[in-house]
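Student: A single structure is presented below for examination.
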Amino acid sequence: MLDEKVLKEYNPYLEVKDGELYLEGVSLKSLAQEFGTPLYVYSASYIRDRIKAYKEAFSGALICYAVKANFNPEVIRVAGEEGAGADIVSGGELLAALKGGIDPAKIVYAGVGKTVPELELAVEKEILMFNVESRDELYVLDEIAGRLGKKARIAIRVNPDVDPKTHPYISTGMKKSKFGVNFETAKEEYRLARELKNLEIVGIHCHIGSQLLDVSPYREAVEKVVGLYRELTEEGFEIRYLDIGGGLGIKYKPEDRGPSPHELAKEVLPLLEGVEAQLILEPGRSITGNAGLLISQVQFLKDKEIKHFIIVDAGMNDLVRPAIYDAYHHVVPVESKGREHIIADIVGPICETGDFLARDRRIEWLERGDYIAVLSAGAYGFAMASHYNVRPRPAEVLIENGSYRLIRKRESYEYILNTI
Ligand SMILES: Cc1ncc(COP(=O)(O)O)c(C=O)c1O
Ligand SMILES: N[C@@H](CCCC[NH3+])C(=O)O
């Protein structure tokens, strides 16, 4: 059975009509039939609501949608239409944000390994702020800005050494991680940056990790950053932006409860008393994660002695999160036929044992040709897809209020194999 109540907790635009799953009034089965599978589908209204929720919770703040979560320019455009800027981590993401209509004056750029061409592009576009992650980067950026006759606005990304209590691969603000500069010595970097005449110091940046289901680690990080803000202000630095990164977690398991932007605001805003800088947030997953589903078709069923396998046409190349983080994604049939339930592994066609979407999962008995929907797939889904096993990456469809449009064609073999 499809439990509409549970589904709506993921995305209120999901509905069950006559046993079939709909998103914003559009039948997911009909989309699968029209565009083929695997297929990513996104709800634009959900994305709009999430940006609005951040703007309401943090009035006056700049919400820079973290493009890394889902870089489809049409998805970015929806966020931008609600007033969001963009947080980017590469030259490619800069181009995606610009293609999605984001004003460079609302773009912030983090990343430990920005290359010269990437920095040049961002300097030329006069983005709002470079979140600089090392001393070397300060020198290189200064040289580039000077050569191009520009000033680059910068924040230094500080590493507040806070445990975000999330998966170790997505914890970014601990001392041993590669990100940012050491909190204790950050002031030295600011003093040095002040000597570099093509840089303009405008902010402080931190980002402690991703998929945070508990907002309390933000308190620790923001307290530290506010302390630094006060010390820098006393030294005469003009800190105009306090960028506290992204990371708010979302519901993956039915029992998860992703904190709301409002809960984050309640934790963080009281710490900002007397701070005159504008707040910047960089949410990614909490904007697009539960906007999206991955639709896939059952190819074969395998009844082995030890367990059942439901083999579908989406693999780890389409959605890698289960394989690399052992991540849970809720999986439901697109159409419930009221059959009995079994415990099965839902796996893809890739030649790896780690190629699974769900393991030991209780799910309604499915047959060849049926469709499944993988929930919470709108962030770090397509964005992390690959061509492994020469598999074209899926098509993407954007749905809004009963209408839909293809926002990325399914890739062709010619495209993948066109190497020289
Ligand atoms: C610097 C930075 N900002 C923002 C984000 C977005 O994080 P999330 O998708 O968890 O909101 C990330 C990813 O963790 C990041 O590294
Ligand atoms: N790719 C990760 C999140 C990385 C966050 C980026 N700093 C995920 O799928 O959960």
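Residue positions begin at 1 at the first shown residue.
Glycine is no exception: its Cβ is also placed from the backbone N, Cα and C atoms.
For reference, TrEMBL lists these features for the protein:
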ACT_SITE  C351  active site, proton donor
BINDING   G247, E282, P283, G284, R285, Y380  pyridoxal 5'-phosphate binding site
BINDING   R285, R321, Y325, E352, Y380  substrate binding site
DOMAIN    40-378  domain 'Orn/DAP/Arg decarboxylase 2 C-terminal'
DOMAIN    47-288  domain 'Orn/DAP/Arg decarboxylase 2 N-terminal'
MOD_RES   K68  N6-(pyridoxal phosphate)lysine
Student: Could you list, ordered by sequence, which of these recorded positions: G247, E282, P283, R321, C351, E352, have a Cβ under 6 Å from ligand 2?
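Tutor: R321, by Cβ distance under 6 Å.
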Student: Near ligand 1, meaning Cβ under 6 Å from any of its atoms: which of the recorded positions G247, E282, P283, G284, Y325, C351 fit that description?
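Tutor: With ligand 1 as the reference and 6 Å as the Cβ limit, the list reads G247, E282, P283, G284.
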Student: I want the residues beyond G247, E282, P283, G284, R285, Y380 whose C-beta is within 8 angstroms of the mean position of the pyridoxal 5'-phosphate site's C-beta atoms, in chain order.
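Tutor: Nearby residues not in the site list: A66, K68, A69, S210, G246, L248, S286, I287, G289, A379.
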Student: Between G247 (pyridoxal 5'-phosphate binding site) and the residue listed as 'N6-(pyridoxal phosphate)lysine', find the distance joining the two CA atoms and give it rounded to the nearest Å.
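Tutor: Each residue's Cα considered, G247 (pyridoxal 5'-phosphate binding site) and the residue listed as 'N6-(pyridoxal phosphate)lysine' end up 12 Å apart.
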Student: Taking 10 A as the limit, how many CB atoms besides its own sit near the CB of G247 (pyridoxal 5'-phosphate binding site)?
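Tutor: There are 29 of them.
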Student: Near R285 (pyridoxal 5'-phosphate binding site), which of the recorded positions K68, R321, Y325, C351, E352 can be found within 10 Å, Cα to Cα?
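Tutor: Cα filter at 10 Å returns K68.
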Student: Which chain-mates of P283 (pyridoxal 5'-phosphate binding site) that are at least 6 residues away have a CB under 8 A from its CB, listed by sequence?
Tutor: R50, Y54, I63, Y65, A66, G246, G247, L248, P261
Student: Among the recorded positions K68, R285, R321, which residue has the fewest other Cβ atoms within 10 Å of its own Cβ?
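Tutor: Fewest other Cβ atoms within 10 Å, among the recorded positions K68, R285, R321, is found for R321.
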Student: Any idea what the Cα distance is from E352 (substrate binding site) over to E282 (pyridoxal 5'-phosphate binding site), rounded to a whole Å?
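Tutor: So the alpha carbons of E352 (substrate binding site) and E282 (pyridoxal 5'-phosphate binding site) sit roughly 34 Å from each other.
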Student: Among E282, E352, all listed as binding-site residues, which has the most CB atoms within 10 Å of its CB?
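Tutor: That would be E282, with the most Cβ atoms nearby.
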Student: Give the helix, strand or coil assignment DSSP yields for Y380 (pyridoxal 5'-phosphate binding site).
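Tutor: The residue in question, Y380 (pyridoxal 5'-phosphate binding site), is coil (DSSP, three-state).
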Student: Closest of the recorded positions to Y325 (substrate binding site), Cα to Cα, picking from K68, E282, G284, C351, Y380?
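Tutor: Considering only the listed recorded positions, the nearest one is Y380.
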